[in-house]
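Q: Okay, so Swiss-Prot annotates it like this:
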- 26-191: domain 'FAD-binding PCMH-type' (DOMAIN)
- R170: active site (ACT_SITE)
- S220: active site, proton donor (ACT_SITE)
- E290: active site (ACT_SITE)
Amino acid sequence: MNNLQTQFPHIAIKLNEPLSKYTYTKTGGAADVFVMPKTIEETQEVVAYCHQNKIPLTILGNGSNLIIKDGGIRGVILHLDLLQTIERNNTQIIAMSGAKLIDTAKFALDESLSGLEFACGIPGSIGGALHMNAGAYGGEISDVLEAATVLTQTGELKKLKRSELKAAYRFSTIAEKNYIVLDATFSLALEEKNLIQAKMDELTAAREAKQPLEYPSCGSVFKRPPGHFAGKLIQDSGLQGHIIGGAQVSLKHAGFIVNIGGATATDYMNLIAYVQQTVREKFDVELETEVKIIGEDK
């Protein structure tokens, strides 16, 4: 795998790169090979090479709704953070995979385009948002997604239309088929800028009041179980404030687990498992993780 630096001298590549620098939890082991393409063509080259040489490939977006285990990740990590262009085409916005969702919502505001207000505080990338059909406060990415350009795991380029992008709660065709998002097209509506700003301000205030933004975290840990709210179940189980190592069930919102200092990915995973077990025993409800967990144990 170290041959990648020789094979692709024009692409930024690091070896044994600590991944804790790239996750919102500030945890995670090292990547064997960490690749940062600057263009779609470079991305396609690396994906095709990994497929041809049977090298394990993992895509890393903004690292926000993600836990990387303490043993790190074998093979190649493809970090698409440098693909950040956002453009307007009439009432549509085209954003590349590495663009931040927050920046895309701000771009829409600046262009007086409405539809992405719900995303103004979601700390993910466009690629990650499409992968899990990210949403908040009654809105989801699939509501405004018109099309997406993706790579298959073999390096084949595909343009998917809205009808092909099946989406459900925290699920998408992109995740199901393990596609690599390159860009996304959103269909928005013209609106007065002050009205868009007012909606964003309202959602930002709600987010700041309810979420533990003062600590590193992986965002909402659990999916909403049918007929329940995960945070309420955790709170009613007496787990709010529970600590394992440096990981704590947030005192501000029980649906979040925060790093109060020196947490490891193992602390997070042990606390997640303890919460799931306790809620199962008390309420006979299975809490399914929304956060993605990848990598190897140490």
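For all residues, glycine too, the Cβ spot is worked out from N, Cα and C.
Context for these features, please: burial, neighbours, distances.
A: Across the domain 'FAD-binding PCMH-type' (26-191), the model assigns an average pLDDT of 93.
Long-range Cβ contacts of S220 (active site, proton donor) within its own chain (separation 6+, distance under 8 Å): N65, A230, G255, F256, E290, V291.
When secondary structure is read from DSSP and collapsed to three states, E290 (active site) falls in the coil class.
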Q: Taking DSSP three-state, what's S220 (active site, proton donor) in: helix, strand or coil?
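A: In the DSSP reduction, S220 (active site, proton donor) maps to strand.
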